Amino acid sequence: MTAGPHPLRPPIAAPSILSADFARLPEEVAIADPARDWVHCDIMDHHFVPNLTFGPMIVGAVHRLTPAFLDVHLMVEHPERLVEEFRRAGADQMTVHLEACADPPAVLGRVRASGARVGLALKPGTPLAAAERFLGDLDLLLVMTVEPGFGGQRFMEDMLDKVRAARASRERLRADYLIEVDGGIAPDTARRSLEAGADVFVAGHSVFGEPHPAEALAALREAIGAAGARR
Ligand code: DX5
Ligand code: ZN
């Protein structure tokens, strides 16, 4: 099921501003090409994950800086309480963690009702089977390829099996959710994730941790063959 703002045609690179220099946010955000890339915003609440990042104010600022599709990853407890506020700030898609939802259908329904696209994220230890009954209602399934909470961690190779399984489930269910990988993504790990069936590639450190982020993003796009046409 798809609804809400139009995404791009996969494969899609999604630079994560978690690793950006927030003192230079306009220049950092400007490397994303709205015709080819999403901008990924990591919301961490110091409860669901140990780290604490930013909220709707910064998402609103990013929205004013770029027309790019805003992919908001909610690593928070009680995500349902924040849906409308992030939507008003400019979130085009909100991805909630299955592990943070007391009532997943209600939370996913609330995101849908806000007008945003609906994503569901799985921590590395959460099997795909736990999400099986929600897959038909999703626009995006996020397979975490590190333990959520911090940028710059090492890609977990064994998550490629979960990506393959997510791809197989999509075909079996005739669903059309995009499969996103997030954590330790660089050109080499992106390429292996692409081969396993991923569509969207979130990258923080490998883009903004480089001396020339625009070039690093270009290398990621090239590795995945991001074409950038509308879906
Ligand atoms: C981690 C976040 C990621 C993070 C990825 O919990 O969800 O989006 O920005 O960072 P890298 O690409 O540095 O692993
Ligand atoms: Zn993320």
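Each Cβ is built from the backbone N, Cα and C atoms, and glycine gets one as well.
Since the structure is predicted, the reported quantities are computational estimates derived from the model, not experimental observations.
Among the features that TrEMBL reports, substrate binding site is placed at S16, H73, G149, F150, G151, G152, D182, G183, G184. Within 10 Å of the C-beta of S16 (substrate binding site) we count 24 further C-beta atoms, all protein chains included.
Look at TrEMBL and you will find H40, D42, H73, D182 tagged as divalent metal cation binding site. In this structure, D182 (substrate binding site) is part of a beta strand by DSSP.
Listed in sequence order, the residues of the same chain lying 6 or more apart from D42 (divalent metal cation binding site) and placing their CB within less than 8 Å of its CB are S16, I17, L18, T53, H73, M75, G151, G204. According to TrEMBL, the active site, proton acceptor annotation covers D42.
All protein chains included, D182 (substrate binding site) registers 26 other Cβ atoms within 10 Å of its own Cβ. If you look up TrEMBL, you'll see D182 marked as active site, proton donor.
Listed in sequence order, M44, V49, P50, N51, M75 are the same-chain residues at least 6 apart in sequence whose CB falls under 8 Å from the CB of G149 (substrate binding site). Counting in whole angstrom, H40 (divalent metal cation binding site) lies 14 from G184 (substrate binding site) by their C-alpha atoms. Closeness to ligand 2 is met by D42, these being the binding-site residues among D42, G149, G151, G184 whose Cβ falls under 6 Å from the molecule.
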